[in-house]
Amino acid sequence: MLTSTEVRSATAGGGADRHRPLVRGLGFVVALGVLACAVALSLAVGAKQIDLGTVWHALGHDDGSDDAFIVRELRLPRTVLGVLVGLALGLAGAVIQGLTRNPLGDPGLLGLETGASAAVVVAIAILGVSTPAGYVWFALAGTAASAVVVHTLGSLGRAASPERMVLAGAAVSAALTAFIGAVLLIDGQAFDRYRFWAVGSLAGRPMTIVWEVGPFAVVGALLALGLGSSLNALALGEETGRALGVRVGTVRAVAALAVTLTSGAATAIAGPIGFVGLAVPHAARLVTGPDNRWVLAYSAVLAPGLVLLADVIGRVVVAPSELEAGIVTALIGAPVLIALCRRRTVAL
């Protein structure tokens, strides 16, 4: 039977010197610094630039000034939600890739976000739901249903491959997108409410969403972060994982719950924001190697930074108008997807 030391060695990749703990630790500190800079930029940069000293003062004292209103009422909720959405999407992508051994694993590419969107459309058009707190239950159900359908379609005929899973996700997304379009064409009022949510933006969301939807994302994130060692054992094969004491069925169930909670909550908050879950885990592996414990930890820090930076770029690139964060992340993630498709062997 393999020992835990052998498991760590087997899952750490071939470059022991390159991926030594010191490098991982220093890299994690740098990642935290990047996140801190992204938070500062998110609070300071926009249609009106506010210096960091004023931002800091406004966070602690509401003096009734315009700057204090902008920081406290507009940018602080946007920043907190950006961190929450990024955390959820980054961990969802890392868990999907680690569990399925699919380098193209991403909530958007596999149709999970479209499933959440379709369920939210039903909630808006048929049930009259109009708040993210109401959306979240439908988003969770839509995410779970899409995951089941995509996995079933991708596994038909022979063993599932990354390409087959992505194709299944594309097929499900196409069908659900057609359904969404049909519903919105019939119901103009639903379209008006849906279009402000579906662009993948952090703008215009109040801080109350953090308390209403945030717990779902936090619980999902905690479940995801606890899966690292089990995913490392399963990376050696299911039989080896069982020999090491891993309950494969339980791990899969917990992973599915974690992905459903994180993806559903993120989509309910900000609408579909794609490619974050695809790009961030691969960026993390450049430093950590394939050790899922570190990949999950890095993803939890890097993904919020990416979402916040995308949001900041969207504010300034077409000022005084704004470009939605979902569009910016797509521009960043599309080249990553192309590169992964061209490079078939990806270390997981």
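Placement of Cβ uses the backbone N, Cα and C atoms for every residue, glycine included.
As annotated by TrEMBL, transmembrane segment applies to 26-47 (among others).
For the transmembrane segment (79-96), same-chain residues at least 6 beyond its ends with a Cβ under 8 Å from one of its own Cβ atoms are 35, 39, 42-43, 102, 105-107, 110, 112, 202, 205, 207, 209-210, 214, 217-218, 220-221, 224-225, 227, 231, 255, 258-259, 261-263, 265-266, 269-270, 273, 276-278, 280-281, 284, 292, 295-296, 299-300, 302-308, 311, 325. Look at TrEMBL and you will find 79-96 (among others) tagged as transmembrane segment.
Summarising the annotation, TrEMBL assigns transmembrane segment to 108-129 (among others). Within the same chain, residues 92, 96, 135, 138-147, 149-150, 165-166, 168-173, 176-177, 179-180, 183-184, 186-187, 190, 193-194, 197-198, 259, 263-264, 267-268, 271-275, 277-278, 337 sit at least 6 positions outside the transmembrane segment (108-129) and bring their C-beta atoms closer than 8 Å to a C-beta of that stretch.
Within the chain carrying the transmembrane segment (135-154), a Cβ under 8 angstroms from the stretch's Cβ atoms is held by residues 107, 110-120, 122-123, 129, 160-161, 164-165, 167-169, 171-172, 176, 197, 212-213, 216, 256, 259-261, 263-265, 267-268, all 6 or more beyond its ends. The transmembrane segment annotation in TrEMBL covers 135-154 (among others).
Annotated transmembrane segment per TrEMBL: 166-186 (among others), in sequence order. Within the same chain, residues 104, 109-112, 114-115, 117-118, 121-122, 125, 146, 149-151, 153-154, 194 sit at least 6 positions outside the transmembrane segment (166-186) and bring their C-beta atoms closer than 8 Å to a C-beta of that stretch.
Marked as transmembrane segment by TrEMBL: 216-237 (among others).
If you look up TrEMBL, you'll see 295-317 (among others) marked as transmembrane segment.
What TrEMBL lists as transmembrane segment is 323-341 (among others).
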Chain residues in Cβ proximity to the transmembrane segment (323-341) (below 8 Å; excluding those fewer than six residues from its ends, i.e. six or more beyond): 82, 103-104, 109, 199-203, 270-276, 278-279, 282, 306-307, 310-311, 313-315, 317
